[in-house]
Structure formats: structure tokens, C-alpha cells
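For reference, the structure is listed below as C-alpha cells.
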Amino acid sequence: MSSRIQACNLFKKAVLHLLSSILLSRVSSNLLFLLIDSSKETENYLLGVGRADCTGPVAEIPLMGYANPDQVGGGLLMRLYSRAFIVADVDDSRRVVFVSADIGMVSQRVRLEVLKKLKSKYGEMYRQDNVILSGTHTHSGPGGYFQYTLFWITSKGLIRQSLNAIVNGIVKSIDIAHQNMKRGRLFINRGTVENSQINRSPFSYLENPPSERKRYSSNTDKEMVMLKMVDMNGEDLGLISWFAVHPVSMNNTNRLVNSDNMGYASYLFEQEKNKGMLPGEGSFVAAFASSNLGDVSPNTKGPFCVNTGESCNNPQSTCPVGGATMCMAMGPGNDMFDSTRIIGQNIYMKARVKTCKPALGYSFAAGTIDGVGAFNFTQGSVDGDPFWDEIRDQLLGEPSNETKACHKPKPILFSTGEMSRPRPWHPDIVDVQIVAIGSLAIIAVPGEFTTMSGRRLREAVKKEFDSHGTRRMDVVIAGLCNVYTHYIATYEEYQAQRYEAASTIYGPHTLSAYIQLYRGLAKAIATNRVQDLPRGPEPPFFNIGNLTLVPALTADRVPTNKTFGDVLKEVRKQYRVREVAEVTFVGANPRSSTENVTEHNFLTVERYTRTSERWDVVENDASWDTRFYWTKGLFGRSNVTIEWHIPPGTEPGVYRIRYFGHYKKKLVNNHVITLPFEGTSSVFEITVL
């Protein structure tokens, strides 16, 4: 009996470490929108761009992506933004919205709440059929914004702060784009990005037919597609770039909220265009959006054993000593910050077949070379394990024979499609969507397509357009849109049962089902029969409450004889470029700031201007060169450490670092109020030598 209890506890722990997010069982094929016939003049558009903060809480909240509940936020590296783009006919008869948000993925709950707010503001102008919401897939953003059970496990439930920040940020970015619309032109360009990606499942890729693989020079898609918006005076308004790479340069040891490599590319482009402005300011908006990134890693040095240094580039991604937990990919930089910078810099420079009920395979538990799982599960598993099967059956229920047969050769670890308590574990209604803007067709996909899956989908959609008289269409995949459905591998890749295949939860024919649906949408657009498409079923809107395991905010406290914002460790008196200025303050829980303001700056770096005798802000908490670390202590105490990695080109002079926060104070009547405070470092000098 004791061994069974121990095994059950072990299994529960495994669930917490392994589960993340996944896919569909009933597909809604109603969504597409034909914006403008490609025979019209390409310059006759109304264009609008907008950007808004969607960072949310940066402390104590599990980060979304690696499915590790122990990876919780502990500070801020870069702020997260929602970037919105609106394109409309000049007579305003039709319009489309594309949003790229610096989040792990778009949840169905986020989409539903955004559409609800848009309807209350704009009536039927912005609807389910003409709004695309896409996540960049950063693995370093706050989680807790889902309404399905599976996603609650590693996010510790629903975190209203996260959900509200994302929803409000997306809506605000659309508001700004709506208010700033003007006539302009669209330009499409393509380019190749080198030295920025590898296929993290090359053994799965090799399962695809040789005749198909010979058509491509690489096992990843290196092409970037860019849509640029320019007003009638030739001034750049913004751009959307689609490129296939996982934003996992920041690995699963990271605790700082940030937008990873794709966000850094946006940061660089916007800083270049919005000269003299702080990050997050300025009218030019640059989105680097996700595409078919399912099996594409930015860790270009490849997988190696972190304990021995030898390669672990094998089908199971295991090491001779330590197994799968020691196998991890890195690169190309010296650390994850450096790698994020390099990959982001590279990207910036190139500016109805039967599916199955959802289920996760054993290899899902293994994770990937970008972030391994727990308990030494390995990739490539086509056999189950009697021990884990028995524990699963006792705790969660045995998968049905139908589901087992449907998913073969996948051995089922969790039959999520047959699990409905406390509510369904996965969505069973999923949006598919195509938006056509002139000769550009944007395929909004609700998950992570592998390289070859994306190629097959693009080709099928393009052929559909061609066969119905709409030739020369530029077809691009926008990944992780509208609802998250995890991975989509090809039938052949599915047989290898590595991570991406084990996470293709609707079985081996998932890709074929998607291709059939998207071909139908393309045909409807090309033949002008959009109005004949059925709307399909509506997704549920759960009353999910506020159930969460995240600790409640309590009163903040300070050490004896100290106040909030006092300096505990001062800066040095002098620094040079490339050194790190560091200061530590008596701090408070950053979540208190998130509760009170939607766009709060935790820090500024300021330079003294002698001629005007004032302090000018030169960096803030959205800057790449600043880092905000929060350390939780005992009895409500906490510290904040701010680093400024002084970049090349910084002007010599006198500087200071400031910290802004909020603390909770308990009154005599037991009411709790929130009060602002700030702290300032001593002045320091940056010298040339």
C-alpha cells in the first residue's frame, strides 16, 4: 500500500511538471475574410498601427511555455507588447485586424474576452471573422490566462492579473490603430535568414518522403516574409514579419519576464525608426510574428550533454550519464542573454479526415532539447510503461480502446480528450482562418506546425488559389493564432513519436484535416463564395472564477530602521562602457504595482544635463540593457536589484538609477491599502577611459 501511495504522489508530481497545453476535436471552419480583390489598385488602403503594454505581473507568476510550475517570475528584462495592424478598403466596406502579442500563445479565453470588448466599443466592425490574434510564443511571459483544465496545472490556476493585462493590452493596441488610420500602400518582401535556427527533431524530419525532402535545401524554412505599411507621403507606419523560429533563446532557468528573440528584433527595429524615443514610445510599430516554428530551435549549437560536453544528437536526445535531463541545446551566444541578442539581431536584420480525441503521448513528457521534461522520459517512445499506465488509470482514468487505436503508434500518457473534471482539459472547438489582403493570403493557424507541415499547408492553399483563377498569391503562415492547439506534425513525423508528434493530440491525420479545411477556405475566397460558408459552432465561455494557487498578496514589510526604496547596496562612483552598474533597494512585491496601474515603469536610468539642470530618462524597464530582479524574503520583506549593462555609445556624464514601486499596508481596521514609493541610487559617473 505504501509503495502505491508513493507512486501516486510521484505521478501527481509528474503531472505538474509535464503538462502544458494542446488541441481540437471538433473544428470550426467558419473563419476567413476576403479584404480586397487582388485586381484593385494596391495603394487604395486605409492603414492603422498601434502598440500597447501587455506585460502583467512579473513576480510569483509561473512563466508560460516550458510547463514547469517551478519557473516563476522574479523580475523583468523587457516589457511585453501587443502590436495591432488594421487594413481596410478606402470605402471602409471591409477591414481586417492582425495582432501579434508578446505572449506564449493566444488562449481561447483571451480571444473571447477581446472580441467581447471590441463588440461593446465598435459594434460589428471588429468580429470573429476579421480579427486575428497571434502569439509570438515567448516562453518567458506570465501564464494563467486559460479556461481549460490542462493549462491550469502548470500555471497554478487562473491568474486574473495576467488575463486582464493581455486582454486590455490587445484591445488598447487595436484602439490606437483604429484611431490612427490613414491612406497608404502595402509592400511585400522576402528574404533569407541564416545562422539563426536548427531543426530540433531532424530524425522526425527524415521520416518524410525523400522525394519531398529533395525539393528543399534545408530541414527548416529560412525565408522571412515581410508586409510593410507606408502612408501616401512615403513615411513608414509599421511592418509585420513572419519567420519560423522558437523564441526559446531564454531557457527554462530564466526568471525574468521578457519577449525573447522575436521581441528583441521588434525592439531593435522600433528603436531605429522611433529615434530619440524610449522603448514602447513612438508611432512606428514593428511586429516579428510566429510562423511554422514547431520543430525549429534558435539554439544553433545543437544538443549536448551539459555534464560531459559530448553530443546527444540522437533520436532519444539522451546522454550516457544522466539521461535526457542532461541533454540540452544552447547557442549561439555565451549565455541565454547573448543568444537572445544574436538571434534577435539576425531576424531584425532581415527585417475531412478523421481526427482523434485529444491525447498526449509518452514523448510529450520528455520535452525537447530546448527544455527537457522530468523523470527521464525519452523522445521517440512508441511503447508505454505498465507502471505509469497503472498509476494513470487509477488517478485519471484509462483511455478508451477507440482513442488508443486512433492515436497509434502513439502510446497515450494522458487521454485529455476524455477528461472533463473540473471542466474539459482541452478546447473542442477551434477556429481556422484565412485573411486575404490583395495578393497576400495569411493562414492563421491555431498551433505549432512543423517545418514540413507548414510547407504542405502553404503549397495546398496556394494550389487551391491557383486552380480557381487567383494566381500569384503570396501565402504566409501566422502561427499560434486565436486558440492554442499545440503541435501539428506530418503523418510520417508522427510515426517517430518525438515530442512534436506526441503533442499532435488529434492523431496521425491532424495535418490532413487542417489542409482540407484551409483548402476549403481558400476556395471560398477565390470563388467569391465566402458568404456560403457555415459559421460553425461557437466555443464555450466558462464561468471560471478566480481559482488559483498563486499566494495572495499580503502586507509588505521593511527591515528595522528602513523604509521602502532605501538603498541597501549602492552603485560605484565610476563606471565605463560595457560594465554593469548595480544597485539594491528595499523593495515590495511587484504584483502590487500591477494591480494599480497597467503600464508601470519599475525603473529608469537618468542622465544629468548641466545646461538645463535636469535629469533626463535615457533607459527604462523596457530597455534591453536594464534588468529588474525581485527577491522574496521572509515575513513580507523583499529586495529589488537593478542592473544597467552600460551599452557602447553611452555618453560620458553623471547618471543615477531610480526604482518605482507600490507597497501594501495593513491599517488598524484590517483594511489593506496600496501606496506608491520610489528610491534613487547615488549619482555615478561614466567615463571614457
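Just so you know, glycine gets a Cβ as well, placed from its N, Cα and C.
Note that this is a predicted model, so its numbers are computed, not measured.
Per TrEMBL, active site, nucleophile is recorded for S297. Among the features that TrEMBL reports, Zn(2+) binding site is placed at H137, H246, E448, Y487. TrEMBL lists 45-352 with the feature domain 'Neutral/alkaline non-lysosomal ceramidase N-terminal'. Among the features that TrEMBL reports, domain 'Neutral/alkaline non-lysosomal ceramidase C-terminal' is placed at 519-686. Positions annotated as signal peptide by TrEMBL: 1-29.
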All-chain count of other Cβ atoms within 10 Å of H246 (Zn(2+) binding site): 27
For the domain 'Neutral/alkaline non-lysosomal ceramidase C-terminal' (519-686), the mean pLDDT of the predicted model: 92
Packing count at S297 (active site, nucleophile) (other Cβ atoms within 10 Å of its Cβ): 23
Other CB atoms within 10 A, centred on E448 (Zn(2+) binding site): 29
